[in-house]
Amino acid sequence: MERGRISAQQLMIMMVLFVLGDTILVLPGSTAMLAGKDAWISGLLTVAAGLGLIWFYAAFQKRFPAMTLVDVSVNLLGRWLGGAVSFFFLFGYLLLLAASMLRVLGDFMTTHVLPNTPVQFIYLLFLVISVKAVRSGLETIARTAEIVFPWVVMLITLLIMFVVPQSRLYHIEPVMAEGIKPILAGMYIFLAYAFMEPVAFYMVMPFVRLRQGKGLRKPLLLGSGMGGLILVVIIFFCLTVFGPVITRESIYPSYLLAKKIELGEFLQRIEVIMAITWLFTLFFKLIISFYGTCLGAAQLFKLKDYRLLTLPLAMILMVLPDLLAPSVIGISEIGQVYPLFDWTFSVGLPLCLLLVQLVRQKMKRSRSSEEQGALPQKGEPR
Amino acid sequence: MTTQQRAPLDHSLHRNLTVIRKAIGTSGDIIIREFQAGRSGEVPAAIIYADGLADANAIQSMVLRPLMLADMPLGIGQIPLASRAKEHIVYIGDVEEITDLESLYKAFLTGNSVLLFEGDQTALSLDTKGWKERSVDEPSTQNVIRGPKEAFTETLKTNIGLLRRRIKSTTMQVEYKTVGRLTQTDLAIVYMDGIVADEVLNEVRHRLSLIDIDAIFESGNIEEFIQEEQLTYFPTVFNTERPDVVAAGLVEGRVAIIVDGTPFVLLVPALFIQFLQSPDDYYQRADIGSILRTLRLVALFIAMLAPAAFIAITSFHQEMLPSSLLISIAASRSGVPFPVFVEALIMEITFELLREAGLRMPKAIGQAISIVGALVLGEAAVQAGLVSPGMVIIVSLTAITTFVIPYSSLAVPIRLLRFSLMGLAAMFGLYGIFVGLTYVILHLNTLRSFGVPYLKPYAPFIMADQKDGVWFRAPIWKMLKRPLSLVNRNQTRQRPPVPKPSGKE
């Protein structure tokens, strides 16, 4: 199915890019909407909580080594029930995740960068490179991540460096004026967007080549921790540069942040170059979830090669973003409930599977101990 | 073809010569000289050689003269005359016994001379090669400021000699092979035993053994056969005419393929970064070398992106330009009838034409072309209002930066990609450039050269190999290991402590 193997280091880099994903563009706004000027605190707390969640993913994967989520559910729940669960996970979650990436991209491009271009062409172009990436296999995706990663880090560092002079701490004072409640509300959405959507990595983790005695935990925790911290820093500067009101009201606060860059008369309005940063992170979030969908579907339907599915699924992806929601307003409406959706598939599903496995193990153990206790009598049918 | 199937030689000199004469037909350049060997002329013999390939002087003084003056034993057919001649009589270093017609033909067609005796089924192939060849000259395409000024020639043996002079170690191995059914082109696989990765070496041998074609004239023919991916602009086989580059490559664990008849030697596995590393990076101080490499990387991006970025910014993202610059660009474009993309396309294509013309022109007319290019296309096109001065600057910038890339095999794909990116930029602005570049990175990552990922040591990232990367070179005394990208054994290049002036602590 997938013959390529990636290294722990590559997994880490992919994790960073995935966590940044579309989140880097939209998260500051939606977190500030709920947590106000304390959004950065809820960000910090979320990173701590999120690392716990990632630890859980790693532990889950360790229990089922070399198995994707589809393998696990088919194994535990049987061909039909497991198949149905995997089907919902793949087409009800991963594919929608990929589609929502495209939707975010399309909305962003048509409102800010290319107002006169039909959104379908923007989708089409992005899908061309996505299909190319997924067809080239996991190794190519991982290596491309390694090439892109330093540029992304460099551009984000530049962005932060340039806006530091314009940040004013009084925007976020007084700290925790409204108490803990808004902070927790902000955490709810941050946790879902940044640390639950990496559930897509269940389709990637089995193909990580691990050195003797090394686990998946370290690269996953490092990658998501780094991504989470970058998000917190971006939120912090959005708040200190614009204050909570503008951050909350704008859909893409970090793009606004890039507009603030000004070095003398010459270097100004370079936000489009900054936009390329999140085009890259968004691209990786999209191709990893798209890859997961294709690979999982091929496993589910027992196909020899997942590449067969890339083109048909890409055609579905071409129209799916527009079916997600009728308008930008609709998208933000969905944004209110989408975290629950994330909870279901990234925490609910693995927990259920884990529970099933525990129950089965227990039953098997009690059965085997019964068998040992009472020796079967001669001639008794077994 | 196995030895059993080959036609053996006959006892009778006359019958042998008849067969050979029939085979060579009317070719006047093959000379068959019959003579009587021995002081009193007791043994009929014949020597066959190709005029123009074999050295006639050597044949006369080293072969014919001693043979005619030698004491030949009586009794033809009793003593193996050929082996006696080989051991006692001829004054030639490299002598081989041959017993079949095919190797006999091959011997005189490659410049050896063939000696036949009456009554002996064995003939001798004498190395008397001596054709006119170009002397070892300065490299014509890959020049450096500092570094050896020798380049390979068209002769295989000279080229191997140039390598041997640089690597005086018995571990440098040379394997000969012949490809091309008609051309019988010799090629040599050269590698360092104990350093080279066995998988790579076996893969080279395997791929070369699969070639079955009538003619091979240049290493480019071989390159097309052995490269992994055919559908790519990017070179996955490295070629150079500089012996120092090949020697350095061998020591790093690469395999060289030298083809007779061309000064361009192939080096595999080839990585992307190799095409951006000029040999003088290593001969100049490390900091200078690093700066030059960074400059080259910048040039690569300018060469690929400058017109595309200009198109994207002027037609989609005008806000990125400072107002004063924007106004002057708009003013200079006011009389131009074309969109920026068409304008850029016209200028780029014109430049490519000029470049191609300049390459093919006889040297005397070359100057005329450059005048036409500079005056007509620079001045006149602007004054006529066909293109804007800004575009002339952009195009000349891409032209200059293209020549900064040290190896033309990488400059060509960059030139081609420039046009695709221009198209994407004209349609989608910087988003198009993003998509194009991402596609190129993805494509580069699918490439492998003899099993080694093309973008190594950046993807997969190898920390130790960053000492000799695309924008940085550590001092020589810091490079303790051979590149891990290529070899997985015998990695030690040097052992600390590094030399320091005495008396200093």
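Cβ atoms here come from the backbone N, Cα and C positions, even for glycine.
TrEMBL: automatically predicted annotations, no manual curation.
Below 8 angstroms of C-beta separation, residues 6, 42-43, 100-101, 104-105, 108, 141-142, 145-146, 148-149, 152, 182, 185-186, 188-190, 193-195, 197-198, 200-201, 204, 219-220, 222-224, 226-228, 230-231, 234-235, 238-239, 244, 247-255, 277-278, 280-282, 284-285, 288, 332, 335 of the same chain, each at least six residues beyond the ends of the transmembrane segment (A:12-34), sit close to that stretch. Residues or ranges marked as transmembrane segment by TrEMBL: A:12-34 (among others).
Cβ atoms under 8 Å from those of the transmembrane segment (A:40-60) belong to residues 31, 34, 172, 175-176, 182-187, 190-191, 194-196, 198-199, 201-202, 205, 215-217, 220-221, 224-225, 228-229, 231-232, 235-236, 239, 346-347, 350, 353-354 of the same chain, restricted to positions at least 6 beyond its ends. Summarising the annotation, TrEMBL assigns transmembrane segment to A:40-60 (among others).
Under the heading transmembrane segment, TrEMBL lists A:80-105 (among others).
Among the features that TrEMBL reports, transmembrane segment is placed at A:117-135 (among others).
TrEMBL lists A:147-165 (among others) with the feature transmembrane segment.
The transmembrane segment annotation in TrEMBL covers A:185-208 (among others).
Annotated transmembrane segment per TrEMBL: A:220-246 (among others), in sequence order. Below 8 angstroms of C-beta separation, residues 11-20, 23-24, 27-28, 31-32, 36-37, 39-40, 43-44, 46-47, 50-51, 54-55, 57-58, 156, 160, 163-164, 166-169, 171-172, 190, 194-195, 198, 201, 253-254, 256-257, 260 of the same chain, each at least six residues beyond the ends of the transmembrane segment (A:220-246), sit close to that stretch.
According to TrEMBL, the transmembrane segment annotation covers A:266-288 (among others).
The transmembrane segment feature in TrEMBL is assigned to A:308-331 (among others).
Only residues 6 or more beyond the boundaries of the transmembrane segment (A:337-359), in the same chain, are considered here, and those with a CB under 8 A from a CB of the stretch are 53, 56-57, 60, 63, 69, 72-73, 76-77, 85, 89, 92-93, 100, 188-189, 191-193, 196-199, 202. Taken from TrEMBL, the feature transmembrane segment covers A:337-359 (among others).
Contact counts against the transmembrane segment (A:80-105), taken as Cβ pairs under 8 Å, peak for A:308-331 among the stretches A:117-135, A:147-165, A:308-331. Beyond the ends of the transmembrane segment (A:308-331), by six or more residues, the same chain brings 95-96, 98-100, 102-104, 106-107, 111, 119-120, 123-124, 127, 130-131, 134-135, 251, 290, 293-294, 297-298 to within a C-beta distance below 8 angstroms of the stretch.
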